[in-house]
Each structure stands twice: as C-alpha cells, then as structure tokens.
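> Here it is: the structure, laid out below.
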Amino acid sequence: MRYPWFRLAIFVVGCLFPAWWLYEAAMSLLGPDPGKIMMDRLGLGALTFLLVTLCMTPLQKLTGWSGWIVVRRQLGLWVFAYIVLHILAYLFFILGLDWGQLAVELRKRPYIIVGALGFLGLLVLAITSNRYSQRRLGARWKKLHRLVYAVLGLGLLHFLWIVRSDLREWSIYALIGAVLMVLRIPAVARGLPRVARARGRAV
C-alpha cells in the first residue's frame, strides 16, 4: 500500500468529526435540537470532503506528488459515508421514521429532492469506484466519473435552497467549487504543470 500514513491520517480525520459530534450530543452541547445540528454538520462535512476530493488532481499537477491521486478514491468514499449518515440523521431525528410524513416533506421542502438526486449520483460513483469497474467500463469510466461535478452542483443547490438569505457560508463553498471547475477547463489544466515547473525554477 502506497502512502500508508497519509491514508491513515485521512481515515482518522474522517472518523474524528462524527465521533466528536456524537460526544457533543451526549454531553448536551449541541443545543435544544442536536439531531438537526448533527444532520447539518454531516451534510456540510460531505460537501467539504467533496471539494477536498476535487482538489486532488490540481494539487498533483501543481506539485507532481502522486500521493494526492492515491487518496482521491478514499476521500470520495468518505463523501459517500458522510452523505449516508446525513440521510440517516434526517430519517431518524427529523422524520422520526414516519414514512407517511415523507410525501409531505417533499412537497414542503423540494430541496430534499435535489439532495436525493445528488445522493443517487454519489451512489453510482461509489459503486463504480474500483478497479473492476474501471476495467469493465474502459474509457467510459472517466466519462461516468465526471458526474461528480453534477453532484457538486446539486449539493450546492441543495445547500443554497436551505440557507436562502444568509449566503456568506454558502458563497465560500460555491467560490471554491467554481475555482475547481475552472481548473477542469483543458487549457487551464494543461497549464498547471507549467506553473509548477516555473515555480521550481524560481526556487
């Protein structure tokens, strides 16, 4: 296994936040509605992990270090794990496992549908995030995994629909997402290694 300590660090970070939030909930530190706080934090955690995952390719091109790419799949699976926990928190703490209430929730809060579409996209990416799928799909695998940008867009829309008026935090996530999208433009992506070489010569 390459870069085991880097992988371990990501695993620890991925586990640490939910564990800390559970501790806060157990100690009654999350206010009068800890279930909602947990749900919101898990959703933001998933969006953060998604943006970090999308940073890996630009970082590899800028630094030439292959470790960024090695952990990309692991980070992507953490995105999926946080989203699953986010959904479970919603079902248990908000919906109370009252399935009859779900239709009412979907009518009142259509952003849930947007979030569900994002989850389905992540599910496809998680299922095909393995070497077997890469071999089976061939060149189509890369095209399929561009779906991650649609997932990012749906996640940002879901977040925007929830916050509505206070856009300060949302704007930070959206700006980072926009920068990452610009870095995907072929002309820009091809220029990243040249930037890295120029920096190396300057040093």
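Sequential numbering from 1, following the chain as shown.
Glycine residues also receive a Cβ, built from the backbone N, Cα and C atoms like all the rest.
The model shown is predicted, which means the values in this text are computed figures rather than measured ones.
Residues annotated as transmembrane segment in Swiss-Prot: 10-30, 42-62, 75-95, 110-130, 147-167, 169-189.
Walk me through the surroundings of each of these features.
Residues of the same chain lying 6 or more positions beyond the ends of the transmembrane segment (110-130) and with a Cβ under 8 Å from any Cβ of it are 43, 73, 76-77, 79-80, 83, 87, 137, 141, 144-145, 147-148, 150-151, 154-155, 157-158, 161-162.
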> Cβ under 8 Å, sequence separation of at least 6 from the ends of the transmembrane segment (147-167): give me the contacting residues as numbers and ranges.
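Cβ under 8 Å, 6 or more out: 43-44, 46-47, 50-51, 53-54, 76, 110-111, 114-115, 117-118, 121-122, 124-125, 173-174, 177, 180-181, 184.
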